[in-house]
Structure formats: structure tokens, C-alpha cells
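Trainee: Below you'll find the structure I mean.
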């Protein structure tokens, strides 16, 4: 159903939701493990790998090298076709200006290629309390989602990236105001 709940315990919202609405499969967004509620056992099934890949797509150096050489259409779960990298960004409040900037940046090959491979920046040393690295992480996540050839839809949400911009700019940039 696409709802987000925290926890799996007897009094958690997820548990109650599973009993009331007979929605039994839940995904832990941190561990990327699936659970069946209310019985609370882990589901191990390779058919669920597509879902975890959509949440955390990975790219090999070989795949990145071929991005500009072959334009291959992908088919979303709803049947629509899309070209990875040419994917819509959801409009959240008044962030269309930011979406345009993010789309432009996602199509600058050296920048895109760097951020598609998370290993390029995963181990960067940062001073304690440095929140600016959040921009790097969220931008990389968004690049991988935009260029994912196995998306369920022909659009992705920039929500986490925009939250990072708001936080790191100390609210100078807002997604609720036209910029």
C-alpha cells in the first residue's frame, strides 16, 4: 500500500496495520530485509530483489562507461517506457526550480559518473558534526535513482535530496517557496 510504519512489535503501527488491513509484507528500509507481520518472520525470496534494487541501485564501472554509448529504453512496472537518466522528478510543493537544476546536473557525465559509483565518496573523511556530507550522500542516491534501468515508475522523488538542501542551508532554501 506504500505506507511507512516504524517497528514490528505488538503495539507498533505496522503490526496493527498488518492485522487490520491484511497487509503482511513489510520492508525494513535500513537493513533492506522483508518481514511478514503479524507473525514477525523474515521473508527470504529472490523475487523481492527488484524492490531492494529500486531502493538502492548499484552501478558497475562497465555499466557507467556504456551509459552514453547505448540508449536503451526501460519498462516501468506500470508498463510505461523511459530512458534512464531522462526520468521525471516529483514536484513537492514549490520545488520545480530545484528539479530543473537537479535534472541538469544529473546529465553532466563526469559529475553523474562520479556519483553513480558510491565507492567514490563513501570513505571521505569528515570532521565530527559535519552535516554538509549529507548533500553528497543524497545527491548520489538521487543520481542512482534517476539512472536506474529497473525503476518501477518513470519518475522518482527528490524528497530526501531536497530535505538535505533545506537542512544544510539552515532553511535558507525551502521546498515550500518558489525559488
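Glycine too: its Cβ is placed from the backbone N, Cα and C atoms.
In case it's useful when we look at the structure, here is the feature table from TrEMBL:
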- 1-62: domain 'UBP-type' (DOMAIN)
- 87-179: domain 'USP' (DOMAIN)
Trainee: Can you give the mean pLDDT for the domain 'UBP-type' (1-62), rounded to a whole number?
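Mentor: Computed over the domain 'UBP-type' (1-62), the mean pLDDT is 90 on the 0 to 100 scale.
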Trainee: Mind checking how the domain 'USP' (87-179) divides into helix, strand and coil residues in DSSP?
Mentor: 46 helix, 4 strand, 43 coil
